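Enquirer: Submitted below is the structure of interest, expressed as structure tokens.
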Amino acid sequence: MPPLWSRWLFHLLLAMHLLASAPLVLAGNASDDAAQDVPAGRAESPSLKSLPAHSNVLLAFLVSLEQGSQDFISTAKTFAGEVRLEISNSSGLVDSLSNHRGRDHFLRFLATLGGIILCSLLAFKIAGRALHRLVRGSMPTGQGPGVGSFAALLGRFLCSALSLAVFFAVFFVLLMSAIPGPSPERTMGGIVFVALTYALVLQVFARALLTPSSAGFRLLPVGDDAAKSLYRWLMAITWLAAALGACSIILEHVGGATSLGKVLYASAGVSTGLLLCAMILANKRRVAEALSADGGEHNVLTLLARHWHYPAMAYALSIGVFWSVRALSVEEPLVRLVLGMFLIPVCIGLDFWVRRLLEMASRDEPVAFSLNADADEDGPAPAGDRFRQLPQRKGLKKYYPLILKALRVALIVFAIFLMFRVWGVEIPVGWLFARDILGILFVGVACLVIWEVISIRIDRQLQEEMALSGVNAEEMDEGGGAGGSRKATLLVLLRKFMMAVLVVMGTLMGLSALGVDIAPLIAGAGVVGLAIGFGAQTLVKDILSGIFFLIDDAFRVGDYVETGSAKGTVEHISLRSMRLRHPRGMIYTVPFGGLKILQNYSRDYIVTKLDFRIRYDADIEKIRKVIKRVNKDIQADESLKNGLLSDIKSNGVRGMEDSAMILRVKFKTVPGHQFVTRKEVYRRIQEAFHKNGIEFAHRNVTVYLPPEVQSLLAANGAGDKSVAGSAIGAAAAATIMQEEERARAAAEAAARAKSAE
């Protein structure tokens, strides 16, 4: 997952882009108004023509700002005078609102309308509680992630929608009953009804997103206190905007106070901005702690956490003031104010959901969508006693940073263009995406999709074909395990070949989309390939030898092989070489062209022969019976039985040495299981021999002294005899050790000479 500072840096850049777009929109609108007011003869000033292009644009921008400021001051003065007149004529305003029936009738209407609103909201509340109580028993608790949580969330949302329907019905019935005929009172009631509807719909959506009373259903990653605080502030802003909008429309269209209605309507922008500033200050510490959680003392994120509220308040106030200024001069819908205020939070929420969807899609196993950001995303740990295991591919996870950056750039571009569109600035975007760029993107995406499909299919086959040995890595010795399958080995090479083909074809198609003639490139590549073929005969030899080795199925990934002085487990096979891992950890890279004789220890079976030194006076028949009982015990052990392919049997005496008889025991096992079986055979035979009184023969030296030396020792006494005997024994032992060392050196020299041949 990307670090926290990158996400908040994205949010900061998005806010800066959107904040910078507001002055441009203001300048554009002001320049349009200025262009309409400038006479035709003064449209092209000579002074502007004489300036450079960039100075001309800057001067036009400053002139448009000045003209817009003057127009705003003039409009504000006009509205101030008209508002004073309308306020001074309050009796006429009340008369218009009461349909010329007087102040008492208007007060009775307000009381009636208040009762209708109170009854409708009470019905909305009661219906909501009753519906939630009705379905609460059949709904999940929401404590765990998954489909059940979404079903429960959908059920809660449907209950809220039905509660809204109850509110609509009650308000409509009461309004029609209290005010039977068409009149200004019914018109005002309809305006209030529309305002309440907008406010309640926004309340339902805010409750569905934040769920301040139930953390298990919350879609946004915030705590309980933060959710309750955010919900209260959003509702305060919503109800304030709804009240100001309803009152302004009533004053303008029913009461005839056009200027007062416009001023009240325009005040919604400034009021909303001030409320947002209050919300920012109230949550300043909470957001700062979240931002600085992963930051150091001098981290940029820590600096942003200390001062984040200043740009946020400046943004809220600038959007509110800008909307209020425009609302005084033109018909400005409230939706522009809402979008301008909450576009950045919406983009932040989209960024969060995109990251959650990518995390869900990048998992190897299908899992339920988690609503808890702190949930454990790790699967069950792999078995600790596995020697070889097919590594899990990351799949989409390896493209996670690239996809996330691309989607964030798309979010920034979308937010900027949406902001321009909201404020009435039309920008043609067709020229931003040329046909060639789209063609290259299509080729890249197509190659990526094809590669992912091929990789997934190959990985599934590898998981089926690649057998796990189930042998402890610490118990492995020279000889290796059972090895892999031939199909798995060829699939690994096929995946590399397909990747090379897709890269080459994608590059050529991309160049072709840019208009490059790729025919000379293909011809040149053929000539270069021919030259490389003549100059790299060893490389060609390695590749061809490897192909024939694979056709002959001489080795596979996971086999334990020996070739010359190199031996180990086949870890990797490329087009020209294979990589061997020695049991002690060393890596051998062996080109295929250098392979002459290859021994594979991982095919079919392994015969293990064990030699034991026993005394000359041992009973051979008794030993045979003891080994037979050991075989029965091992065959009864389920953990060892599956690895045995034959009985453990005695081959009798295979040789005689100076001080012992050599008894041989042999058995056949599955490749890789011989070491575990060998350890058990050694242990059980030692215990059985000790139990049955059979002794192993130890190396000893018998020294025969001439009669003269014996008589001399007898004459010198017992003490001198023991000293002389010890000296003679030590000399004999040293002689034997020298002979054994010479024999060992001769054997090593013979082995080196054989490998050199």
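Cβ coordinates are placed from backbone N, Cα and C, and glycine is handled just like the others.
Pulled the feature table from TrEMBL, pasting it below:
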SIGNAL    1-27  signal peptide
TRANSMEM  106-124  transmembrane segment
TRANSMEM  157-179  transmembrane segment
TRANSMEM  191-210  transmembrane segment
TRANSMEM  230-251  transmembrane segment
TRANSMEM  263-282  transmembrane segment
TRANSMEM  308-328  transmembrane segment
TRANSMEM  334-354  transmembrane segment
TRANSMEM  402-423  transmembrane segment
TRANSMEM  429-451  transmembrane segment
TRANSMEM  497-515  transmembrane segment
DOMAIN    501-537  domain 'Mechanosensitive ion channel transmembrane helices 2/3'
TRANSMEM  521-540  transmembrane segment
DOMAIN    538-603  domain 'Mechanosensitive ion channel MscS'
DOMAIN    609-696  domain 'Mechanosensitive ion channel MscS C-terminal'
Enquirer: Please identify the stretch among 106-124, 157-179, 230-251, 402-423 with the greatest number of Cβ pairs below 8 Å relative to the transmembrane segment (191-210).
Expert: 230-251
Enquirer: Determine which residues of the chain contact the transmembrane segment (157-179) at the Cβ level, with the cut-off under 8 Å and only residues 6 or more beyond its ends counted.
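Expert: Non-local partners: 112, 115-117, 119-121, 123-125, 127-128, 131-132, 135, 185-186, 189-190, 193, 196-197, 200-201, 204, 207-208.
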Enquirer: Would you mind splitting the domain 'Mechanosensitive ion channel MscS C-terminal' (609-696) into helix, strand and coil residue counts from DSSP?
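Expert: Tallying H, G and I as helix, E and B as strand, the rest coil: 39 helix, 25 strand, 24 coil.
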Enquirer: Taking all residues of the domain 'Mechanosensitive ion channel MscS' (538-603) together, what is their mean pLDDT?
Expert: 83
